[in-house]
Amino acid sequence: MSGVDFITLYNKYQLRKFVGVDDWVDRLSYVYSVIILLGFTILVTSKTYLFSPIACHMPTAPQGANFKKYVESVCWVLGTVPIRENESIPQNGRNWEELSEKRRINYYQWVPFVLGLQCIMFYTPRLIWQSISFNRLGTDLNLLVSKANQALLEDTEEKSRRCIEHVARSLERLLFVHRDYRKGVFSDVRRQMTSYFSFFFVSKRLGTWTVFVYFCIKLLYLSNTFLQLHTMRILLNYDTSLFLFGAKLLRALLADSGWNETLFFPRKSYCVISLRHLGTVQNTFAGICALPINMFNEKIFIFLYFWISIVMTLTLLSIPIWFIRLGTQRWRTAIVYKYLRIHPPDHMKDEESSKNSSESPNASSKVDDPAVRSNVDKFVAKFLRVDGVFLIHILTANAGDVVTTEIVNLLWRAWVQRYAGRLEWEHPSLCDSDDAWNHPETKAQTLSAFSFDEENDLRDRHDSIKSSRPHVIQSIASRQ
(Lines of atoms letter the chains of each structure in order from A and count residues from 1; the text may use other names and numbers.)
(Lines give C-alpha, C1' and ligand atoms only; values in the text may rest on other atoms or scores of the structure.)
Protein backbone atom coordinates (compact mmCIF):
# COMPACT_ATOMS: atom_id res chain seq x y z
CA MET A 1 0.00 0.00 0.00
CA SER A 2 1.45 3.34 -1.04
CA GLY A 3 1.38 6.48 1.06
CA VAL A 4 -1.38 7.97 -1.07
CA ASP A 5 -3.53 4.86 -0.63
CA PHE A 6 -3.03 4.96 3.13
CA ILE A 7 -4.04 8.62 3.33
CA THR A 8 -7.10 7.91 1.18
CA LEU A 9 -8.10 5.06 3.48
CA TYR A 10 -7.46 7.25 6.52
CA ASN A 11 -9.74 9.99 5.19
CA LYS A 12 -12.37 7.49 4.04
CA TYR A 13 -12.98 6.17 7.52
CA GLN A 14 -12.45 9.62 9.10
CA LEU A 15 -10.30 8.30 11.93
CA ARG A 16 -9.19 11.80 12.77
CA LYS A 17 -12.81 12.89 13.17
CA PHE A 18 -13.89 9.94 15.30
CA VAL A 19 -16.02 11.37 18.11
CA GLY A 20 -17.34 9.98 21.36
CA VAL A 21 -17.68 10.68 25.07
CA ASP A 22 -13.94 10.45 25.62
CA ASP A 23 -10.68 12.23 24.91
CA TRP A 24 -7.92 11.61 22.40
CA VAL A 25 -5.98 9.46 24.88
CA ASP A 26 -8.89 7.01 25.06
CA ARG A 27 -8.96 6.83 21.28
CA LEU A 28 -5.35 5.68 21.29
CA SER A 29 -6.64 2.54 22.99
CA TYR A 30 -9.95 1.71 21.38
CA VAL A 31 -9.36 3.13 17.87
CA TYR A 32 -5.71 3.21 16.88
CA SER A 33 -4.52 0.27 19.01
CA VAL A 34 -7.38 -1.87 17.74
CA ILE A 35 -6.57 -0.99 14.12
CA ILE A 36 -2.86 -1.73 14.62
CA LEU A 37 -3.50 -5.05 16.34
CA LEU A 38 -6.10 -6.05 13.78
CA GLY A 39 -3.60 -5.42 10.98
CA PHE A 40 -0.92 -7.45 12.75
CA THR A 41 -3.40 -10.27 13.37
CA ILE A 42 -4.32 -10.48 9.69
CA LEU A 43 -0.65 -10.39 8.67
CA VAL A 44 0.50 -13.13 11.05
CA THR A 45 -2.57 -15.30 10.45
CA SER A 46 -2.13 -15.22 6.69
CA LYS A 47 1.57 -16.03 7.01
CA THR A 48 0.86 -18.87 9.44
CA TYR A 49 -2.07 -20.61 7.77
CA LEU A 50 -1.79 -19.62 4.11
CA PHE A 51 1.97 -19.91 3.70
CA SER A 52 4.68 -22.08 5.23
CA PRO A 53 5.62 -20.79 8.70
CA ILE A 54 8.45 -23.33 9.22
CA ALA A 55 10.90 -25.32 7.08
CA CYS A 56 12.97 -28.18 8.55
CA HIS A 57 15.89 -30.27 7.31
CA MET A 58 17.24 -33.53 8.75
CA PRO A 59 20.60 -34.84 7.43
CA THR A 60 19.65 -38.42 8.30
CA ALA A 61 16.01 -39.37 8.00
CA PRO A 62 13.91 -42.43 7.07
CA GLN A 63 12.80 -42.88 3.52
CA GLY A 64 9.39 -41.55 2.66
CA ALA A 65 7.83 -38.87 0.52
CA ASN A 66 5.81 -37.32 3.34
CA PHE A 67 8.36 -37.53 6.13
CA LYS A 68 9.55 -33.95 5.61
CA LYS A 69 6.00 -32.60 5.95
CA TYR A 70 5.51 -34.78 9.01
CA VAL A 71 8.66 -33.40 10.64
CA GLU A 72 7.66 -29.80 9.96
CA SER A 73 4.18 -30.37 11.38
CA VAL A 74 5.49 -32.05 14.53
CA CYS A 75 8.16 -29.38 15.11
CA TRP A 76 5.58 -26.63 14.59
CA VAL A 77 3.15 -28.16 17.08
CA LEU A 78 5.62 -29.31 19.75
CA GLY A 79 8.01 -26.38 19.47
CA THR A 80 11.71 -25.99 18.76
CA VAL A 81 14.87 -25.48 20.82
CA PRO A 82 17.19 -22.54 19.96
CA ILE A 83 20.93 -23.06 20.42
CA ARG A 84 23.57 -20.32 20.31
CA GLU A 85 26.37 -20.50 17.77
CA ASN A 86 29.03 -20.99 20.44
CA GLU A 87 27.14 -23.81 22.16
CA SER A 88 27.53 -27.49 21.38
CA ILE A 89 24.65 -29.63 20.22
CA PRO A 90 23.54 -32.31 22.73
CA GLN A 91 24.60 -35.80 21.74
CA ASN A 92 22.05 -37.93 23.59
CA GLY A 93 18.36 -37.89 24.39
CA ARG A 94 18.81 -37.02 28.06
CA ASN A 95 20.76 -33.85 27.27
CA TRP A 96 18.16 -32.91 24.67
CA GLU A 97 15.38 -33.25 27.26
CA GLU A 98 17.21 -31.07 29.78
CA LEU A 99 17.86 -28.36 27.21
CA SER A 100 14.33 -28.61 25.88
CA GLU A 101 12.82 -28.00 29.33
CA LYS A 102 14.77 -24.76 29.63
CA ARG A 103 14.51 -23.29 26.13
CA ARG A 104 11.66 -24.88 24.22
CA ILE A 105 9.73 -22.23 22.27
CA ASN A 106 6.15 -23.09 21.39
CA TYR A 107 4.39 -19.73 21.15
CA TYR A 108 4.57 -19.37 17.36
CA GLN A 109 1.20 -20.99 16.72
CA TRP A 110 -0.43 -18.87 19.44
CA VAL A 111 0.68 -15.46 18.19
CA PRO A 112 -2.38 -14.82 15.94
CA PHE A 113 -4.74 -15.72 18.78
CA VAL A 114 -2.85 -13.59 21.31
CA LEU A 115 -2.93 -10.59 18.96
CA GLY A 116 -6.65 -11.10 18.41
CA LEU A 117 -7.20 -11.30 22.17
CA GLN A 118 -5.23 -8.09 22.68
CA CYS A 119 -7.42 -6.41 20.07
CA ILE A 120 -10.56 -7.42 21.98
CA MET A 121 -9.06 -6.33 25.30
CA PHE A 122 -8.33 -2.84 23.98
CA TYR A 123 -11.92 -2.39 22.80
CA THR A 124 -13.68 -3.89 25.84
CA PRO A 125 -13.55 -0.70 28.00
CA ARG A 126 -15.14 1.19 25.12
CA LEU A 127 -18.06 -1.28 24.99
CA ILE A 128 -18.56 -1.02 28.75
CA TRP A 129 -18.52 2.79 28.64
CA GLN A 130 -20.98 2.89 25.75
CA SER A 131 -23.34 0.53 27.52
CA ILE A 132 -23.29 2.52 30.76
CA SER A 133 -23.55 5.94 29.11
CA PHE A 134 -26.55 4.78 27.07
CA ASN A 135 -28.46 2.69 29.63
CA ARG A 136 -27.71 4.43 32.95
CA LEU A 137 -27.34 8.13 32.20
CA GLY A 138 -30.76 8.83 30.72
CA THR A 139 -29.72 9.69 27.16
CA ASP A 140 -27.34 8.70 24.39
CA LEU A 141 -24.36 10.94 25.11
CA ASN A 142 -22.45 9.62 22.11
CA LEU A 143 -25.27 10.78 19.86
CA LEU A 144 -25.20 14.27 21.40
CA VAL A 145 -21.44 14.56 20.90
CA SER A 146 -21.80 13.35 17.31
CA LYS A 147 -24.55 15.92 16.76
CA ALA A 148 -22.29 18.68 18.06
CA ASN A 149 -19.51 17.53 15.76
CA GLN A 150 -21.98 17.44 12.88
CA ALA A 151 -22.61 21.16 13.39
CA LEU A 152 -19.06 21.78 12.16
CA LEU A 153 -19.68 19.86 8.96
CA GLU A 154 -23.02 21.34 7.92
CA ASP A 155 -22.95 23.40 4.75
CA THR A 156 -25.45 26.04 5.90
CA GLU A 157 -25.67 28.15 9.03
CA GLU A 158 -29.30 27.16 9.57
CA LYS A 159 -28.48 23.44 9.73
CA SER A 160 -25.57 24.10 12.04
CA ARG A 161 -27.79 26.18 14.33
CA ARG A 162 -30.36 23.39 14.51
CA CYS A 163 -27.72 20.88 15.56
CA ILE A 164 -26.42 23.20 18.26
CA GLU A 165 -29.91 23.92 19.58
CA HIS A 166 -30.73 20.21 19.62
CA VAL A 167 -27.65 19.45 21.73
CA ALA A 168 -28.36 22.36 24.10
CA ARG A 169 -32.01 21.33 24.57
CA SER A 170 -31.03 17.72 25.20
CA LEU A 171 -28.41 18.70 27.77
CA GLU A 172 -30.84 21.07 29.48
CA ARG A 173 -33.41 18.28 29.65
CA LEU A 174 -30.83 15.86 31.04
CA LEU A 175 -29.65 18.31 33.71
CA PHE A 176 -33.26 19.09 34.66
CA VAL A 177 -34.21 15.43 35.05
CA HIS A 178 -31.09 14.79 37.18
CA ARG A 179 -31.75 17.77 39.46
CA ASP A 180 -31.35 17.27 43.21
CA TYR A 181 -34.79 17.69 44.81
CA ARG A 182 -34.16 15.63 47.95
CA LYS A 183 -34.80 17.16 51.38
CA GLY A 184 -33.41 16.47 54.81
CA VAL A 185 -30.31 17.01 56.89
CA PHE A 186 -28.41 14.17 55.26
CA SER A 187 -29.13 15.56 51.79
CA ASP A 188 -27.87 18.98 52.88
CA VAL A 189 -24.69 17.44 54.26
CA ARG A 190 -24.08 15.52 51.05
CA ARG A 191 -24.55 18.65 48.95
CA GLN A 192 -22.21 20.61 51.20
CA MET A 193 -19.56 17.88 51.13
CA THR A 194 -19.82 17.62 47.35
CA SER A 195 -19.27 21.37 47.00
CA TYR A 196 -15.87 20.98 48.70
CA PHE A 197 -14.83 17.67 47.21
CA SER A 198 -16.65 16.66 44.05
CA PHE A 199 -16.14 12.91 44.27
CA PHE A 200 -16.99 12.40 47.96
CA PHE A 201 -20.43 11.07 47.02
CA VAL A 202 -21.43 9.39 43.78
CA SER A 203 -24.97 10.14 42.66
CA LYS A 204 -26.90 11.26 39.61
CA ARG A 205 -28.72 13.81 41.76
CA LEU A 206 -25.44 15.30 42.91
CA GLY A 207 -24.11 15.39 39.36
CA THR A 208 -21.12 13.12 39.92
CA TRP A 209 -22.24 9.75 38.50
CA THR A 210 -21.04 10.27 34.92
CA VAL A 211 -17.61 11.49 35.99
CA PHE A 212 -17.20 8.65 38.48
CA VAL A 213 -17.97 6.03 35.82
CA TYR A 214 -15.62 7.76 33.37
CA PHE A 215 -12.76 7.61 35.87
CA CYS A 216 -13.47 3.91 36.37
CA ILE A 217 -13.23 3.44 32.61
CA LYS A 218 -9.94 5.36 32.63
CA LEU A 219 -8.59 2.99 35.26
CA LEU A 220 -9.82 0.09 33.16
CA TYR A 221 -7.88 1.43 30.15
CA LEU A 222 -4.79 1.77 32.35
CA SER A 223 -5.16 -1.72 33.82
CA ASN A 224 -5.56 -3.10 30.32
CA THR A 225 -2.18 -1.72 29.22
CA PHE A 226 -0.46 -3.31 32.25
CA LEU A 227 -2.17 -6.61 31.48
CA GLN A 228 -1.13 -6.38 27.83
CA LEU A 229 2.55 -5.99 28.71
CA HIS A 230 2.30 -8.81 31.22
CA THR A 231 0.68 -11.06 28.61
CA MET A 232 3.50 -10.37 26.16
CA ARG A 233 6.11 -11.13 28.81
CA ILE A 234 4.45 -14.44 29.71
CA LEU A 235 4.07 -15.38 26.05
CA LEU A 236 7.76 -14.82 25.37
CA ASN A 237 8.68 -16.66 28.58
CA TYR A 238 10.88 -13.79 29.66
CA ASP A 239 11.66 -13.89 33.39
CA THR A 240 12.56 -10.26 33.99
CA SER A 241 10.85 -7.05 34.96
CA LEU A 242 7.65 -6.11 33.16
CA PHE A 243 9.16 -2.86 31.92
CA LEU A 244 12.59 -4.17 30.93
CA PHE A 245 12.01 -6.97 28.46
CA GLY A 246 11.16 -4.65 25.56
CA ALA A 247 14.11 -2.40 26.34
CA LYS A 248 16.48 -5.39 26.36
CA LEU A 249 15.09 -6.54 23.03
CA LEU A 250 15.73 -3.12 21.52
CA ARG A 251 19.21 -2.97 23.04
CA ALA A 252 20.08 -6.28 21.41
CA LEU A 253 18.78 -5.03 18.08
CA LEU A 254 20.78 -1.79 18.24
CA ALA A 255 23.90 -3.73 19.25
CA ASP A 256 23.63 -5.82 16.06
CA SER A 257 23.58 -9.03 18.04
CA GLY A 258 21.68 -11.75 16.24
CA TRP A 259 18.32 -12.92 17.42
CA ASN A 260 19.84 -16.37 17.89
CA GLU A 261 21.94 -14.88 20.66
CA THR A 262 18.97 -13.33 22.47
CA LEU A 263 16.88 -16.51 21.98
CA PHE A 264 13.66 -14.48 21.79
CA PHE A 265 12.85 -14.77 18.10
CA PRO A 266 15.38 -17.20 16.60
CA ARG A 267 15.20 -17.54 12.86
CA LYS A 268 16.71 -21.00 13.03
CA SER A 269 16.21 -23.56 15.73
CA TYR A 270 16.55 -27.29 16.39
CA CYS A 271 13.94 -29.98 16.66
CA VAL A 272 14.24 -33.57 17.93
CA ILE A 273 11.77 -36.31 16.95
CA SER A 274 11.60 -39.85 18.30
CA LEU A 275 10.22 -42.59 16.03
CA ARG A 276 9.32 -46.11 17.06
CA HIS A 277 9.71 -48.86 14.42
CA LEU A 278 8.23 -52.31 14.57
CA GLY A 279 10.71 -54.81 15.98
CA THR A 280 13.44 -52.23 16.63
CA VAL A 281 14.39 -49.80 19.34
CA GLN A 282 13.21 -46.21 19.34
CA ASN A 283 15.19 -43.95 17.01
CA THR A 284 15.79 -40.24 17.58
CA PHE A 285 16.28 -37.78 14.73
CA ALA A 286 17.53 -34.21 15.11
CA GLY A 287 17.03 -31.51 12.53
CA ILE A 288 17.43 -27.79 12.04
CA CYS A 289 14.41 -25.62 11.26
CA ALA A 290 14.07 -22.18 9.73
CA LEU A 291 11.37 -19.93 11.22
CA PRO A 292 10.60 -17.13 8.74
CA ILE A 293 7.52 -16.22 10.78
CA ASN A 294 9.87 -14.77 13.40
CA MET A 295 10.89 -12.04 10.96
CA PHE A 296 7.37 -10.67 11.53
CA ASN A 297 7.02 -11.61 15.18
CA GLU A 298 10.18 -9.86 16.31
CA LYS A 299 9.20 -6.54 14.73
CA ILE A 300 5.57 -6.81 15.82
CA PHE A 301 6.36 -7.39 19.49
CA ILE A 302 9.06 -4.73 19.61
CA PHE A 303 6.63 -2.19 18.16
CA LEU A 304 3.77 -3.30 20.42
CA TYR A 305 5.93 -3.03 23.53
CA PHE A 306 6.77 0.62 22.92
CA TRP A 307 3.31 1.48 21.57
CA ILE A 308 1.55 0.03 24.62
CA SER A 309 4.08 1.72 26.91
CA ILE A 310 3.31 5.08 25.32
CA VAL A 311 -0.45 4.50 25.59
CA MET A 312 -0.04 3.47 29.22
CA THR A 313 2.00 6.58 30.06
CA LEU A 314 -0.45 8.96 28.37
CA THR A 315 -3.43 7.27 30.03
CA LEU A 316 -1.73 7.54 33.41
CA LEU A 317 -1.07 11.26 32.86
CA SER A 318 -4.61 11.97 31.66
CA ILE A 319 -6.18 10.84 34.96
CA PRO A 320 -4.71 13.64 37.16
CA ILE A 321 -5.42 16.14 34.38
CA TRP A 322 -9.12 15.27 34.56
CA PHE A 323 -8.97 15.46 38.35
CA ILE A 324 -7.59 18.99 38.10
CA ARG A 325 -10.26 20.02 35.59
CA LEU A 326 -13.18 18.68 37.61
CA GLY A 327 -11.97 18.38 41.19
CA THR A 328 -12.44 21.98 42.37
CA GLN A 329 -15.17 24.56 41.89
CA ARG A 330 -12.62 27.11 40.69
CA TRP A 331 -11.51 25.06 37.68
CA ARG A 332 -15.06 24.02 36.87
CA THR A 333 -16.17 27.63 36.80
CA ALA A 334 -13.14 28.71 34.77
CA ILE A 335 -14.12 26.71 31.67
CA VAL A 336 -17.68 28.12 31.70
CA TYR A 337 -16.46 31.63 32.39
CA LYS A 338 -14.02 31.28 29.48
CA TYR A 339 -16.79 30.56 26.97
CA LEU A 340 -19.04 33.31 28.32
CA ARG A 341 -16.21 35.79 27.82
CA ILE A 342 -15.44 34.55 24.29
CA HIS A 343 -18.99 35.15 23.15
CA PRO A 344 -21.22 36.92 25.70
CA PRO A 345 -24.91 35.95 25.53
CA ASP A 346 -27.28 38.17 23.59
CA HIS A 347 -29.13 39.44 26.66
CA MET A 348 -25.87 40.84 28.02
CA LYS A 349 -25.23 42.62 24.74
CA ASP A 350 -28.74 44.06 24.76
CA GLU A 351 -28.27 45.42 28.27
CA GLU A 352 -25.00 47.04 27.29
CA SER A 353 -26.35 48.52 24.09
CA SER A 354 -29.21 50.15 26.00
CA LYS A 355 -26.76 52.01 28.22
CA ASN A 356 -24.62 54.99 27.39
CA SER A 357 -21.53 53.77 25.56
CA SER A 358 -19.33 56.23 27.47
CA GLU A 359 -20.49 54.86 30.82
CA SER A 360 -20.37 51.13 30.12
CA PRO A 361 -17.59 48.88 28.91
CA ASN A 362 -17.84 46.41 26.07
CA ALA A 363 -20.20 43.44 26.16
CA SER A 364 -17.64 40.93 27.36
CA SER A 365 -16.93 43.02 30.46
CA LYS A 366 -20.50 42.41 31.57
CA VAL A 367 -19.38 38.92 32.47
CA ASP A 368 -16.80 40.44 34.83
CA ASP A 369 -19.53 42.09 36.88
CA PRO A 370 -19.51 40.65 40.45
CA ALA A 371 -23.24 39.94 40.34
CA VAL A 372 -22.90 38.09 37.04
CA ARG A 373 -19.90 36.14 38.30
CA SER A 374 -21.89 35.11 41.36
CA ASN A 375 -24.65 33.90 39.09
CA VAL A 376 -22.10 32.00 36.99
CA ASP A 377 -20.89 30.26 40.15
CA LYS A 378 -24.45 29.21 40.93
CA PHE A 379 -24.96 28.15 37.31
CA VAL A 380 -21.98 25.80 37.57
CA ALA A 381 -22.64 24.59 41.12
CA LYS A 382 -26.43 24.15 40.98
CA PHE A 383 -27.27 23.52 37.34
CA LEU A 384 -24.26 22.08 35.47
CA ARG A 385 -22.44 20.51 38.41
CA VAL A 386 -19.53 18.14 37.80
CA ASP A 387 -21.24 16.04 35.14
CA GLY A 388 -22.29 19.10 33.14
CA VAL A 389 -18.79 20.59 33.20
CA PHE A 390 -17.39 17.21 32.16
CA LEU A 391 -19.71 17.15 29.14
CA ILE A 392 -18.57 20.67 28.22
CA HIS A 393 -14.96 19.45 28.18
CA ILE A 394 -16.01 16.49 26.04
CA LEU A 395 -17.80 18.80 23.60
CA THR A 396 -14.69 20.96 23.40
CA ALA A 397 -12.51 17.94 22.60
CA ASN A 398 -14.87 16.65 19.90
CA ALA A 399 -16.60 19.71 18.43
CA GLY A 400 -14.21 22.59 19.10
CA ASP A 401 -14.50 25.92 20.89
CA VAL A 402 -16.92 27.56 18.45
CA VAL A 403 -19.71 25.00 18.80
CA THR A 404 -19.11 24.58 22.54
CA THR A 405 -19.36 28.34 23.05
CA GLU A 406 -22.79 28.41 21.42
CA ILE A 407 -24.01 25.46 23.50
CA VAL A 408 -22.77 27.02 26.76
CA ASN A 409 -24.51 30.28 25.83
CA LEU A 410 -27.81 28.49 25.27
CA LEU A 411 -27.50 26.65 28.58
CA TRP A 412 -26.65 29.90 30.34
CA ARG A 413 -29.67 31.60 28.80
CA ALA A 414 -31.89 28.73 29.97
CA TRP A 415 -30.49 29.09 33.48
CA VAL A 416 -31.04 32.84 33.63
CA GLN A 417 -34.54 32.78 32.14
CA ARG A 418 -35.98 29.66 33.74
CA TYR A 419 -34.03 28.45 36.75
CA ALA A 420 -31.92 31.16 38.42
CA GLY A 421 -33.30 32.39 41.73
CA ARG A 422 -35.82 29.58 42.17
CA LEU A 423 -35.79 28.24 45.71
CA GLU A 424 -36.25 24.62 44.67
CA TRP A 425 -32.98 24.85 42.69
CA GLU A 426 -30.76 26.75 45.10
CA HIS A 427 -32.12 25.48 48.45
CA PRO A 428 -34.20 22.30 47.98
CA SER A 429 -34.47 21.61 51.72
CA LEU A 430 -36.01 25.04 52.40
CA CYS A 431 -38.60 24.63 49.70
CA ASP A 432 -42.03 23.11 50.18
CA SER A 433 -42.32 20.72 47.27
CA ASP A 434 -46.09 21.00 46.85
CA ASP A 435 -46.18 24.82 46.89
CA ALA A 436 -43.11 25.25 44.71
CA TRP A 437 -43.74 22.70 42.00
CA ASN A 438 -47.51 23.28 41.77
CA HIS A 439 -47.24 27.04 41.45
CA PRO A 440 -48.58 28.17 38.01
CA GLU A 441 -45.52 30.30 37.26
CA THR A 442 -43.18 27.48 38.18
CA LYS A 443 -45.15 25.10 36.01
CA ALA A 444 -45.01 27.46 33.04
CA GLN A 445 -41.25 27.96 33.44
CA THR A 446 -40.69 24.24 33.72
CA LEU A 447 -42.75 23.60 30.62
CA SER A 448 -40.73 26.16 28.69
CA ALA A 449 -37.54 24.33 29.60
CA PHE A 450 -38.54 21.51 27.29
CA SER A 451 -38.91 21.94 23.55
CA PHE A 452 -41.02 19.01 22.48
CA ASP A 453 -43.00 19.18 19.28
CA GLU A 454 -46.35 18.12 20.73
CA GLU A 455 -47.70 20.23 23.59
CA ASN A 456 -50.10 17.57 24.88
CA ASP A 457 -47.33 15.02 25.25
CA LEU A 458 -45.25 17.62 27.08
CA ARG A 459 -47.99 18.37 29.59
CA ASP A 460 -48.64 14.69 30.20
CA ARG A 461 -44.96 14.17 30.95
CA HIS A 462 -44.87 17.11 33.34
CA ASP A 463 -48.04 16.09 35.16
CA SER A 464 -46.64 12.58 35.54
CA ILE A 465 -43.42 13.94 37.05
CA LYS A 466 -45.35 16.25 39.34
CA SER A 467 -47.71 13.53 40.59
CA SER A 468 -44.94 11.00 41.23
CA ARG A 469 -42.48 13.40 42.85
CA PRO A 470 -44.00 13.46 46.41
CA HIS A 471 -44.05 9.66 46.47
CA VAL A 472 -40.40 9.53 45.40
CA ILE A 473 -39.40 12.01 48.12
CA GLN A 474 -41.42 10.10 50.72
CA SER A 475 -39.74 6.84 49.67
CA ILE A 476 -36.26 8.37 49.91
CA ALA A 477 -37.04 9.87 53.32
CA SER A 478 -38.27 6.53 54.62
CA ARG A 479 -35.02 4.87 53.51
CA GLN A 480 -32.97 7.46 55.33
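Here the Cβ of each residue, glycine as well, is placed from N, Cα and C on the backbone.
Listed in TrEMBL for this protein:
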- 30-50: transmembrane segment (TRANSMEM)
- 110-129: transmembrane segment (TRANSMEM)
- 206-223: transmembrane segment (TRANSMEM)
- 300-324: transmembrane segment (TRANSMEM)
- 348-369: region 'Disordered' (REGION)
- 355-365: compositional bias 'Low complexity' (COMPBIAS)
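Remote same-chain partners of the transmembrane segment (206-223), defined as residues 6 or more beyond its termini with a Cβ less than 8 Å from a stretch Cβ, comprise 21-22, 26, 29, 124-125, 128-129, 132-133, 136-137, 141, 178, 180, 190-191, 194, 198-199, 312, 315-316, 318-319, 322, 326, 384-388, 390-391. Listed by sequence, the residues of this chain that lie at least six past the ends of the transmembrane segment (30-50) yet keep a Cβ under 8 A from its Cβ atoms are 15, 18, 22, 108-109, 111-112, 115-116, 118-119, 122-123, 125-126, 292-293, 296-297, 300, 304, 307-308, 311. Long-range contacts of the transmembrane segment (300-324) within its own chain (CB-CB distance under 8 A, at least 6 residues past either end) are made by residues 23, 25-26, 28-29, 33, 36-37, 40, 43-44, 111, 115, 118, 214-215, 218-219, 221-222, 225-226, 228-229, 232, 236, 243, 245-246, 249-250, 253, 265, 331.
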